[in-house]
Amino acid sequence: MSSSPITNELLHALFIVAIAAEAMTAALAAGRREMDWLGVCLLGCITALGGGSVRDLLLDHHPLSWVAHPSYLLITGGAALVTIALARFIHPLRHLFLFLDAVGLVVFTVIGCDIALGLGLPWSIAIVSGMITGCVGGVLRDVLCNEVPLLFRAELYATVSIVTGALYVGGLALELHQETVTGGALAIGLALRLLALRFGWSMPKFVYTKDLH
Amino acid sequence: MSSSPITNELLHALFIVAIAAEAMTAALAAGRREMDWLGVCLLGCITALGGGSVRDLLLDHHPLSWVAHPSYLLITGGAALVTIALARFIHPLRHLFLFLDAVGLVVFTVIGCDIALGLGLPWSIAIVSGMITGCVGGVLRDVLCNEVPLLFRAELYATVSIVTGALYVGGLALELHQETVTGGALAIGLALRLLALRFGWSMPKFVYTKDLH
Amino acid sequence: MSSSPITNELLHALFIVAIAAEAMTAALAAGRREMDWLGVCLLGCITALGGGSVRDLLLDHHPLSWVAHPSYLLITGGAALVTIALARFIHPLRHLFLFLDAVGLVVFTVIGCDIALGLGLPWSIAIVSGMITGCVGGVLRDVLCNEVPLLFRAELYATVSIVTGALYVGGLALELHQETVTGGALAIGLALRLLALRFGWSMPKFVYTKDLH
């Protein structure tokens, strides 16, 4: 389960980039709801760090990452504020944001799997832990913006997280080389997400119009 | 507080039926919001297992049921998927669903009371624990569907949970026979819920139209 | 960190007044959504005790206050019910309610800071803990009423909490006299909140209209 120092450092660097990127996309969502500057900051922090926090609460894994590393609050809150200042330059860079958001999804997923495995939990819970880490931040963002979470409605997002987690957990169970497994799961998950964005892939929808009562 | 093996087995069997039924009604709610298949699964799991999870978080009772028994995720996610396949046959069976949902409410309540009592908590918290177990799943479902929770607005739902919990906790406090108390609380709670559904009983509403500011 | 008995008793008395006031304003919000009487009670309890509960979950500080003191549920649920009975007399007293709500904000904040400091957490987390204690109850209320939380959109509310917490934590770090620090932080925070209400001060808003996709 314990990665090599190099993998760990790379994952950590990607994690920092990812939480900043998640905070920035959350700041844009806050802007669409005309939130004030502090609201933008708070929504950035909650979106970027909420998935990991919910995972840690559910798995009783304390202290939470931002309690142990308050600098994460500074990074995510700061990234949200920077977004306000740079808003007019963001639209041309939207493909970069969508790319970084996808990186965040797969990196969060792998970290979430790792934490569950480190707690000695079974592979199924590790995959769920990865999905919670990757996806719940966005659900909190949408609930706080008073929208039905995008996660439930559109795009291969949770699916990408499950595939990434299954590849990672499965690869480790097969005792493949740790770096290979991490790199492979991240690369395949990222590719799947980018292809889904490019070609508009999505899950079939379930439409039901009757009422139970 | 410890029930006999037979009561325990019966409660457990009812619990399994109840989480499947809750997942199926959540799947229908997801269908009314046109969620995709994975969203339907996720909403089913969250609705069926969310009440118990929130209770366990609040009472610091770990591991959560689905962490200890990942099969619960399979049962609830699977029940939600089956609902998609069988959607057209469900409307004629809607009374069965409402009945199973009512069974779930009282069974979840009794289980929630039991867990709090097992932790040595006072009777008042045991009743609250029962109500959280019985009702919070539906609140999460409604919040994720972007609706004001039905629980706060309509029908005797939380009331049924409180009555069931009070009968159960009160009966145990009077040292009545465990099976009698469990059976009695479940039966009276279930009857109350079904009568409320049949006759449209509800709490009076509080209507206030002024603003504080 | 440990206050004198007099400060503690005063803070505790203010805390009781504050949770009752928060429950009453939540009851008015429930009335605007036409919730039923039990829904009013539940929303009152969740709003008044939710901030402290979320803080305790995030910081792994158990048991939660209302689990240890079930009377808090009676106070907040009872205050919500009283609001229904007295609704017609409330509008003329709305300035009193806004004042008590402001008292609640700063008292909750100081208590939240104290709990984090008592757990040996750094000053930054203590300020965040204060803000969560002061503000999250209102966020839960707004989410359950299906609104974008007011906290993110309007008024100096979270800002007041941060200022109060920073003054309190900073004063203690400077080893000033405990009573002076508590009184000063409460008074300045309260004054800031009341001035903000009086003069309609608010943070600048971030408005962004483009979509990432």
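Each residue, glycine too, has its Cβ placed from N, Cα and C.
As recorded in TrEMBL, the features of this protein are as follows:
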type     : residues  : note
TRANSMEM : C:12-30   : transmembrane segment
DOMAIN   : C:14-87   : domain 'Glycine transporter'
TRANSMEM : C:37-54   : transmembrane segment
TRANSMEM : C:66-89   : transmembrane segment
TRANSMEM : C:96-117  : transmembrane segment
DOMAIN   : C:99-169  : domain 'Glycine transporter'
TRANSMEM : C:123-144 : transmembrane segment
TRANSMEM : C:156-174 : transmembrane segment
TRANSMEM : C:180-201 : transmembrane segment
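Per-residue pLDDT, averaged along the domain 'Glycine transporter' (C:99-169), amounts to 94 for this model. Sequence-distant contacts of the transmembrane segment (C:180-201) (same chain, at least 6 residues past either end, Cβ-Cβ under 8 Å): 3, 7, 11, 98-99, 102-103, 105-107, 109-110, 155-157, 159-161, 163-165, 167-168, 171-172. Under the criterion of 3 or more C-beta pairs below 8 Å, with sequence separation of 6 or more, the transmembrane segment (C:66-89) and the transmembrane segment (C:12-30) qualify as touching. For the domain 'Glycine transporter' (C:14-87), DSSP puts the residue distribution at 61 helix, 1 strand, 12 coil.
Per-class residue totals from DSSP over the domain 'Glycine transporter' (C:99-169), listed helix then strand then coil: 58 helix, 0 strand, 13 coil.
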